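Below: the structure, in structure tokens.
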Amino acid sequence: MGSYRMCLIFKRKFRVTEPGPVDDVRDVFSRYAEGQAHMSPEQLRKLMADERREDLGSSLEDAERLVDEVLRRKHHIAKFTRRNLTLEDFNYLLFSTELNPPIGDKVHQNMDAPLSHYFIFTGHNSYLTGNQLSSKCSGLPIADALRKGVRVVELDLWPRGKDDVCVKHGGTLTKAVKLGKCLESIKANAFTTSKYPVIITLEDHLTPKLQCKVAKMITQTFGEMLYYHDSESCKEFPSPEELKGKILISTKPPKEYLEANDAKDGEKGKDSDEDVWGKEPEELISTQSELDKVSNNINYINQDDEERGSRDFDTSCSLQAPEYKRLIAIHAGKPKGGLKMALKVDPDKIRRLSLSEQLLEKAVASHGADVIRFTQKNFLRIYPKGTRFNSSNYKPQIGWMSGAQMIAFNMQGYGRALWLMQGMFRANGGCGYVKKPDFLMNVGPNGEVFDPNENSHPKKTLKVKVLMGDGWHLDFKKTHFDRYSPPDFYVRVGIAGAPADKAMEKTEVKYNTWTPIWNEEFTFQLTVPQLALLRVEVHEYDNNEKDDFGGQTCLPVSELRQGIRAVPLFNRKGVKYSSTRLLMRFEFV
């Protein structure tokens, strides 16, 4: 029972009710229990087989184990006289995020293809604890990102005096951290969540003498974990499976022009999210005026600076410590010329190219096929524009639709863009590597490749039914949403992916209840289901102010399990709530 004060004197009382089975659950139970009051393990096995619930098993023994687990958890009894499920037991099973999750937690994709055939969970300025201008640099956000499954960590190396090296965001007021602390943080946390390789991208602003020192520090810290590879004379890169437990270094010779490019975009002003959960994904695309500014500077950015960078490369290679050069497993850098030349594929070399989010949009619009061909063999890294001072992020779908492996995100922030990134890498067991769809790797008989700008017909239809929700009364204070009454929840459900697939719907508001029942179904037509993400957000309606946040999740459509599923919700930073969850039904037709 919850009490809410009214007019300072009176109180209104609302009962927090236990969520009973909704009609969909009752219908399934009745159908498989054949009208009886109990469902036997054999009947449960038939349900699992009919709904293709491979995650729960398919044998009678699997069904018996599941029945035992439900009874143990729900009734807290070690031994039972019965071995069947009542309707309430069955409801408990379906509403359990541990026993009945919406996606799997095991690595199931082919991990034997070359590394460039995968999307890789990538961080940007991984050492920052907050904003891009004045926050502290530390090894802690690196550890946090790695534990969340991030596989690419970025370090900006700068001289500290004549004989030392630090990590900081150059040209800002960020407080530096010693390189050694960052390296130790990587070593301690690299493989706690995933055994697949970790890539360290270095932005190098060092003298040859300090490069030699860095080479020794990296070698001493990681030892046999380090992977050495001559990508300059390599036609194909090893696979994630072959590189398990390995750490790869990716960098280019010292050039300080990269960060200057951000400033040359001609933008001023501070980027900010419009609300506490961030902008809608379609609003994260650069405006046409921003793209025009990039277009006006594109020759300058891609010719003058890259030519200067190439000259730096040519003249500095002989000066660099050979130990440092030997560490580089994935060579980065831009060849002379403009964007067309930057995307040229060398059959005998593998390299990494970095583009800003705006330059990627320009490249996709003008050289879409070249971008696809480049990413079939080489690595493409996308980084945020320079005005994202508050560590916000951009729309990742543009990069994924183009085959870009490394969409570098500010992991220390939050917002809808970051939720999409977290959702993408819940796929494949959360190991940080997601196999690119075949259409991004295919080459036609005449050399034709996928065109990300081409509209196609729907290939799959997803039906999503929002049944009910529960758990907020356990994770939030009773007055968190409203001081005078229980919350008024509604759910936003939609798709992020290809432009044609973008959609967002919402349920009705359910007033004054901690256990809302919606029973509303939505249908989504998908042209590129392989890259579609299901977006789910819960908000609490407020008539006078901005609606409150009540949880969110993003799930890869390609991994959704059909049937009634318990969907866990996460807070704004992507941390899972202990109890808050939705009961939803998924169906592909």
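Just so it is clear, glycine is given a Cβ too, placed from its N, Cα and C backbone atoms.
Look at TrEMBL and you will find 354-440 tagged as domain 'PI-PLC Y-box'.
According to TrEMBL, the domain 'C2' annotation covers 445-571. Taken through DSSP, the domain 'C2' (445-571) splits into 13 helix, 59 strand, 55 coil.
Under the heading region 'Disordered', TrEMBL lists 258-277.
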Structural state census, the domain 'PI-PLC Y-box' (354-440) (DSSP three-state): 39 helix, 15 strand, 33 coil
Whole-number mean of pLDDT values that fall within the domain 'PI-PLC Y-box' (354-440): 95
